[in-house]
Amino acid sequence: MANVVVIGAQWGDEGKGKITDLLSRSADVVVRYQGGVNAGHTIVVEDKVLKLHLIPSGILYPETICLIGSGTVVDPKVMLKEIEMLIENDIDISGLQLASTAHVTMPYHRLIDQAMEKRRGEQKIGTTGRGIGPTYADKAQRNGIRVIDLLDEQKLRERLRIPLAEKNNVLQKIYKELPLDQEKVIEEYLEYGDRLRPHVVDCSRAIHQAARNRKNILFEGAQGTLLDLDHGTYPFVTSSNPVSGGACIGAGVGPTLIDRVIGVAKAYTTRVGEGPFPTELEGSLNDQLCDRGGEYGTTTGRRRRCGWFDGVIGKYAVEVNGLDCIAITKLDVLDELEEIKVCVAYQLDGQKIEYFPSSAEDFSRCKPIFKSLPGWKSSTAECKRLEDLPPSAMAYLRFLAELMEVPIAIVSLGASRDQTIVVEDPIHGPKRALLNI
């Protein structure tokens, strides 16, 4: 038995969906532990392209239990649409489970999220407008609605009475929006509750039962380390904790249940929305990476900002998450480049630093110090073993591993499952295994 956490080591969109899908073959339970519909992952199975926001990637395996944990915030309308999409594609959803204590994104959360972002003007933070921040805010203020509340009309009415009145007041008086009709909201969300009822479980109890039965458990994070509420580029962050420690809180388990932590990072760097990005590229090279990498958000469709691999934030992700190994994705996107650069340090106000500044203002002033490496100018998409890669591609991977001081366990060379080189099984491999490439 081995229990593994998969996290994003950059600003999200690293390809966690594909890696989780790959690892789900060895997992009995897959747990999504934080985030909401602001995340998105794309899975390619044969000729099918499936885009999911809430439901874990492991749903493609009929024997796997897929659990949406207590640390997530759930938009039931979106979740039900995903269920319908999966059923239409003949995918068995009998293993899908939803934590009774997960908080629910209500219609006023979305309206307030969008209105707040519009009001910020030039100081916008780049929210997806899906209501995630306001949902987590209500949770922290003990004013939220949970999944279990949708299963009981009297409880929902009682729980919703004061929050809805307060939100309507805010919508009308501050944002000049129309108020929501309480009866319509109650009717709509009771229907969602009825449809989701068969999937609702006690999250922590379900996970501990699986652990007692010596099942392999995979904890799937959303977004990425640099978007973490406490450890990211605040305030340009998400409203939850994507780092590995968030798995314990969001799933209701102790840290001793976790055996290994695997990070996922692209062979370059991307970011969606606002916030500092030291290695960001401009012009034709940015366009080339964006087009070859298909860098458009699963959730918003927004074009991602592209840049060179940042080894400073890579090392930071290794430390903050306690990574045992890392998966490098989209190596093939670099196939046509003559020269590839990697950020090895920053210059901040004339001083060389090799750490991630805690202040977003300081981070925005950081200038990257690059190491240039030769490109390989040949396709890697069909390589099946490390030995098949061009020597310069091997050297690039070795450089990243040595820079971050973490072994590379997986190399992804495209969207399909078979475009993957597994160096070391992250679920059953030893902790901090040596890289041998």
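Any Cβ shown, glycine's included, is placed from N, Cα and C.
Per Swiss-Prot, the IMP site holds Asp13, Glu14, Gly15, Lys16, Asn38, Ala39, Gly40, His41, Thr128, Arg142, Gln223, Thr238; the candidate it also names there, chosen from Arg195, Arg292, Arg302, Arg365, is Arg302. Among the binding-site residues Thr128, Gln223, Arg302, the ones whose Cα sits within 10 Å of the Cα of Gly12 (GTP binding site) are Gln223, in sequence order. Closest to Gln223 (IMP binding site) by Cα-Cα distance, out of the binding-site residues Gly15, Thr42, Arg303, Leu331, Leu413, is Gly15. Around His41 (active site, proton donor), taking its Cβ as the centre, 25 other Cβ atoms fall within 10 Å, counting all chains. Here the CA atom of Gly301 (substrate binding site) lies 10 Å from the CA atom of Thr128 (IMP binding site).
A 10 Å cutoff on Cβ-Cβ distances gives Gln223 (IMP binding site) a total of 30 other Cβ atoms nearby, all chains included. Cβ neighbour count for Thr42 (GTP binding site) (all protein chains, 10 Å cutoff from its Cβ): 17.
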